[in-house]
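Some features that TrEMBL has for this protein:
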TRANSMEM  66-94  transmembrane segment
TRANSMEM  144-160  transmembrane segment
TRANSMEM  166-182  transmembrane segment
Amino acid sequence: MLKLFSTFIECCKKVTILESQGLCFKTSRRAKEGKNSHISSLLPMIVGGHGDVNPNSSWLNGKGFWLSYGLAVLLLHLMLLCLPFISTAVAWTLTNLIHNSFMLIFLHIVKGAPFEPLDQGKTRSLTHWEQIDYGKRFTVTRKFLTVVPVILFVLTSFYTKYDTSHFIVNIIALVAVLLPKLPHFHRVWLFDSNDHSY
């Protein structure tokens, strides 16, 4: 236990030195040669917690994310259904609108990362959608985040009995969320709201 604690202290000192020199993930020649190789193997774990330069690009791939996401949408819908003055059709439309609003803001409007990533500021002008899976297209996570609003729209349309007013509101919300996900809109922002020329 004492050896582990002393290794942790040494590693923290090493990280501090590396950060002050701007060499976050580069290890010294001495550590590469073997004497302190156990310290260099702990560096990515301590600095990023998981070895990612930008954790914003991979946390959606975590275990249980899909289940948690689905349960959160279901909980939102059940909370709206519990309100006595809201009909079932209005509850479904509100669920769809609230979900798509959060998705639009969180994935397509807010840029950068909610923490200080170690990527030297390369992602500060990218939205969360553009950072997912390091910008790779058509990954499993991106497909999941594209399919969920479509499924929610189909369910909402069914439970509102294809009422014209509900349908128009829900289709506008769906298009607003799906358009920014298309590959043609990668790094293209409406009204240049996220335009950065660094």
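A Cβ is built for glycine as well, from the same backbone N, Cα and C atoms used for every other residue.
Residues 60, 66, 69, 73, 88-89, 92-93, 95-96, 99-100, 103, 107, 129, 132, 166-167, 170-171, 173-174, 177-178, 181 of the same chain lie 6 or more positions beyond the ends of the transmembrane segment (144-160) yet place their CB under 8 Å from a CB of it. Cβ atoms under 8 Å from those of the transmembrane segment (166-182) belong to residues 89, 92-93, 96-97, 100-101, 103-104, 107-108, 127, 129, 142, 145-146, 149-150, 153, 156-157, 160 of the same chain, restricted to positions at least 6 beyond its ends.
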